Amino acid sequence: MARFPTSPAPNLLLRLFSSNKRSSSPTAALLTGDFQLIRHFSAGTAARAAKDDKEPWWKESMDKLRNIGISAHIDSGKTTLTERVLFYTGRIHEIHEVRGRDGVGAKMDSMDLEREKGITIQSAATYCTWKDYKVNIIDTPGHVDFTIEVERALRVLDGAILVLCSVGGVQSQSITVDRQMRRYEVPRVAFINKLDRMGADPWKVLNQARAKLRHHSAAVQVPIGLEENFQGLIDLIHVKAYFFHGSSGENVVAGDIPADMEGLVAEKRRELIETVSEVDDVLAEKFLNDEPVSAAELEEAIRRATIAQKFVPVFMGSAFKNKGVQPLLDGVVSYLPSPNEVNNYALDQMNNEERVTLTGSPDGPLVALAFKLEEGRFGQLTYLRVYEGVIKKGDFIINVNTGKRIKVPRLVRMHSNDMEDIQEAHAGQIVAVFGIECASGDTFTDGTVKYTMTSMNVPEPVMSLAVQPVSKDSGGQFSKALNRFQKEDPTFRVGLDPESGQTIISGMGELHLDIYVERMRREYKVDATVGKPRVNFRETITQRAEFDYLHKKQSGGAGQYGRVTGYVEPLPPGSKEKFEFENMIVGQAIPSGFIPAIEKGFKEAANSGSLIGHPVENLRIVLTDGASHAVDSSELAFKMAAIYAFRLCYTAARPVILEPVMLVELKVPTEFQGTVAGDINKRKGIIVGNDQEGDDSVITANVPLNNMFGYSTSLRSMTQGKGEFTMEYKEHSAVSNEVQAQLVNAYSASKATE
């Protein structure tokens, strides 16, 4: 049935006629022809309608747009598949093979986190064209350490291809990637790759996807032969065989189905219709009435079910042998959603971060997200995904996160290796902008609304490393690299340790920091030495303690005089503030001009507790009395008085050390459950949950971060590489007396040696 994307009315009427009369009668054909004529003759009417309802000018271009990501386990052939997609769409003009692990071609491997996080094709969003459809392939990071980036990459995607290896099947990284897609509600198609390899078994992989990934899925293709006899594919929807000829498989030839496969094809097509009809009411009706299902009806049902995330169509092929990639691209445009079929929401900063659903139409106010930064030859290149409204060259836009008003100097679309200058871009598109200073994850609007696409609450870093360049000459490049990484990733922080003078980098975990040190070596040619990770301990007090301190200094001329009296007490558990200062002095015992200096003094003192020199938090300081001198009192005198008063009463308040506790979720095959649980107990962890998920045990535990260093290596050795874990910060909680004594002694010893 013809689709009329530009003009909704004929389409609706056609559907009414064709649903009443599902026959290929001459009348129906005539009606169809008439409507096409009406559509051509009523261009003037359509133009007038466009003024009232601007749908026609953007709806067609949005219907023909796809924003997708390709994700997979390491070595599933994602790199090779991406290379073929770019070749067949004309994005590159020759194919370069990935030669195993010697680093050639590895620039495309997004899962090899040791080399690089993310695909380093020319750009973060590669734009290619397939049969009038514009497809943006977006770089998807593949690891939980990059929480913020994974979140943003998935936010920018409308659909995804999950690549599975026909020999390896569903592997640990496939499970992780699929879990993330499910969390961010990304519709997906699956592609079973490497059908030319020894031991290839697509039906085994399909069953694994159903069991392990809980996919409601069915094959939309059947391979003709496997391993070295793999020749082509049979499309179950149109019931045709496809063969791939030419030096790079660029000529797709349709042929007849081999006679010996007709039984299998009929059985698999029925299985496909049955699986889809379980989640699609329209198809279910035809299936139950045993009516024949046409290719167009089946295609529409698969599209509806895929976009609703109730079904995953499974494609097959061998990217290395250039077979099955073009039908996969057809599947992407047929079954994955266009930007206006996906619900995106923003957080309204004027209304306490309340979720607002975006219309996704270019008629609304501009809302765009900067999801990737790249250092280009002409300065910083910022990739924007436009969610609503239109962005034009020369427009003024507002960065909601910083409040700055910026002019758009140059707007480009990344096309092949060239940058194509464009004048404007509308909702659903991905473009790049030059010369805008911003950080990854900033939201831009036209000023009429104050929306952000991601919450501004960035998780606190949980791990620090001391880092310094090996040679003194590379200091400039070293700081340049750190500045750029901070801009790219808000969870990566850089600070200076005031005591040791070392540069401290903080992040979300071991791997996170390792990657940045590695990137510094590769991208900026700076070799850096790394010190043992420093866990961000905190200190706090457990009881109330009084203070009364007089700071008096006479040294000829104006002296210093300041007296502060009051008490410190712990804040009630669960309070939002970490530090509170309250002035309860009645009268003018201390002139009000000196109160801010006293607060500043207490804050400064709380930056470094006397147990192990870490910040003190959950603290309330109340000032009840004091004394001042008409001549000698000054801001400095009261600040010093506050610092010394805090140090004196701190020990009386029974301070304790708090350590970061992580919420660790482990997924291990059931046979290793005992070993892994025993190891968690050894690390002073508390197991809070243990569930069964298929053949795997899911263990949830709270473990001190200090005992989690190097855990990924030991988990791999305990589970033969099958276990995986995610770790996120939960809270800071008090350490045991024995650990506290060890930490205090180690701190005292290090102070003594300085």
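Glycine is treated like the rest: Cβ placed from N, Cα and C.
What you are looking at is a predicted structure, and each value in this text was computed from that prediction instead of being measured.
Annotation comment: TrEMBL describes 72-79, 139-143, 193-196 as GTP binding site. Over all protein chains present, the Cβ of Ala72 (GTP binding site) has 27 other Cβ atoms lying within 10 Å.
The domain 'Tr-type G' feature in TrEMBL is assigned to 63-340. Per-residue pLDDT, averaged across the domain 'Tr-type G' (63-340), gives 79.
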Open item on the list: Using a Cβ cut-off under 8 Å and a sequence separation of 6 or more, which residues in the same chain sit near Leu195 (GTP binding site)?
Closed with: Ser166, Pro202, Pro223, Leu226, Glu227, Phe230, Met316, Gly317, Ser318, Lys323, Gly324
